[in-house]
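Accompanying notes for the structure given below.
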Amino acid sequence: MPAGPLPGTPTLAPGAATAPPPPPLPAPRHQHEPRRVRQAGFPWWLPNVGVAAAAATLFAVVVGTGVQGPSAGTTAWWLLTASMHLPVLLIAAFLAGGVIERLGYFWRGRAPERPGRLPYRYPSVCVQLPMFNEHAVARRAIEAACALRWPSDRLTVQVLDDSTDGDTRALVDAVCARLRWETGVDVRVLRRPHRHGYKAGALEAGRRLTDAEFIAIFDADFLPPRDYLLRAIPHFFRPDGVPDHGLALVQAQWGHLNHDESALTRAQSLWVDDHHTLQMSWRSAMWRFVNFTGTAGVWRAASVEAAGGWRAASLVEDCELSFRHLFAGYRTKFVKEIVAPAELPATYTAYKAQQKRWTQGWVQVQRLHLGTLLFRHRASLARRAHLVYHMCTTWQWPLWAVWITVLPALIHSGLWFGALGAGAGLALYVLPSLLWLTLVTSLASAETRHTYPERTTPSVFRRRFTRIVPYLVVNTGMLPHQFSAFTEGLFGPLHSEFERTPKAGEAGRAATERRRDRVKVHWPYVAAELFCVAYQLAWAGVFLAEGLWWCALGAGYVAVCVASLLVRYGDHAGKVLFVLDAPRRLTRSRRAERAPAPAA
């Protein structure tokens, strides 16, 4: 990459007073080619076809031939039933690990993290704002970054704008020019001639052009508080002001700007509260390692350099870099007392795009680093077991998907514990998951004193606890989608397309229809959801015919949850009931545009 300013350095808006030009950008410290990764040799969705064919065959054989297992309670029945319950046993192991983390929070994670003392001369900080066509939120994100309290001569703001939309580029340039004049902050726009590496490529390009000691990163939908740097940077120093060079990352907690907007945002807020407040606090205190969440974190620039910089080998470049720091011997830290509010995806289309990227990316990280973690990373057995659990949590999605596919056949053939009695079936298949979910929701609703401004009164707790209903519906409905994302991450190319999550901004979801965000339809995902709905409805009909009302209710519940999310897979305004309706809606809008205007 050439030295000096990148193309697209901002200019002042027309008519504005002349501002002093920013100092020239330093030359990149090193040049290296991006890591090349091998592409997959066959379509990733072929395993999905195999699973669907196996499930359809299982249904046809079990229902068509009336296959029945051994008599309940016999030795053969116990052996066969136990072997067929392997998916749910593995799910139980993941749930047990989750219980350890949540309860461990009260042992090691609840105490506040204590910062060190800043040196007399404040360290230099570069704030990076990666963006791609973020017209709705670009202005407020840049303004929030320039409003951070830090000596202006020690602060640089890089707007890493890969936008292809002309209006967005013009807006970003004008806002940066105005803020440079009004605040005196060295804010500049960095643009690349191509989006090679997507977000990771933009972060790496900006990193090579700064000599700051620390790099803070915020996605465009985050609004960090003004004192964010004053509260985060001291954690990199000891109480006597000496730098703690072993600490590479300080990760802040995510807050919410729209958590009460809809059932979808309420479900997401519960997951974020649980994952950040409980899980990450315990992981940080117990193991001195948390993964960077892609935003609201501060990196030590020297450690990023030592770890090899940003790579686009995975869709979750933040987690991939975090594990490279782990293997290099660095520590990372989560500080729940620092909260950076953010916008939760407001539509199911945006949410599915986000979850696809996260699940697919985490599986790619496993392909890259699980072998190193298992066989080359030096750690105690307990620490290694937790890190494997940490890296492999996405395996819960295919396990749940396989389990809800196999369980109806086991029920029909008598190879389930409900054959011993209704109480046994309820105790083994329903209560463990409900108890786990109740525990998680209760703790996440009670331990969010830093996330929300109001006190956790009994009425506030009850209102937050009710998030358990949309949380359960959304996660059940996402099973086939997440299963498809898992298989794409496992069998698809490592260097796959990075799909941004559309943001609504201050205008809210209703204004998203005016945006030009194009919905990319993933037809293998839609096919998986349609198959799941049809499969569960078929089993519900079989169970109704046999008088197994509770089993029919369970299969129908899964079908309804998946269908409720499927029909909302439309435009980013959430108004299209099903994605197939989009062409008809577009045709109607074009006819309306061609229609003559009514006479005055």
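One is the number of the first residue shown, and numbering goes on along the chain from there.
Using the three backbone atoms N, Cα and C, a Cβ is placed for every residue, glycine included.
Just so you know, TrEMBL annotations are computer predictions that nobody has curated.
So that you can see what the record holds, here are the features copied from TrEMBL:
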COMPBIAS  9-18  compositional bias 'Low complexity'
DOMAIN    215-409  domain 'Glycosyltransferase 2-like'
REGION    1-33  region 'Disordered'
TRANSMEM  44-64  transmembrane segment
TRANSMEM  76-100  transmembrane segment
TRANSMEM  387-411  transmembrane segment
TRANSMEM  417-439  transmembrane segment
TRANSMEM  523-541  transmembrane segment
TRANSMEM  547-567  transmembrane segment
Average model confidence [pLDDT] within the domain 'Glycosyltransferase 2-like' (215-409): 96
For the transmembrane segment (417-439): best-contacting stretch of 76-100, 387-411, 523-541, 547-567, by Cβ pairs under 8 Å: 76-100
Intrachain neighbours beyond the transmembrane segment (523-541), with Cβ under 8 angstroms and 6 or more residues off its ends: 45, 48, 52, 55-56, 59, 352, 356, 404-405, 408, 412, 479-481, 483-485, 551-553, 555-556, 558-559, 562-563, 565-566, 569, 579
Sequence-remote partners of the transmembrane segment (44-64) [C-beta within less than 8 Å, at least six residues beyond its ends]: 402, 405-406, 408-409, 412-413, 483-484, 487-488, 490-492, 524, 527-528, 531, 535, 538-539, 542
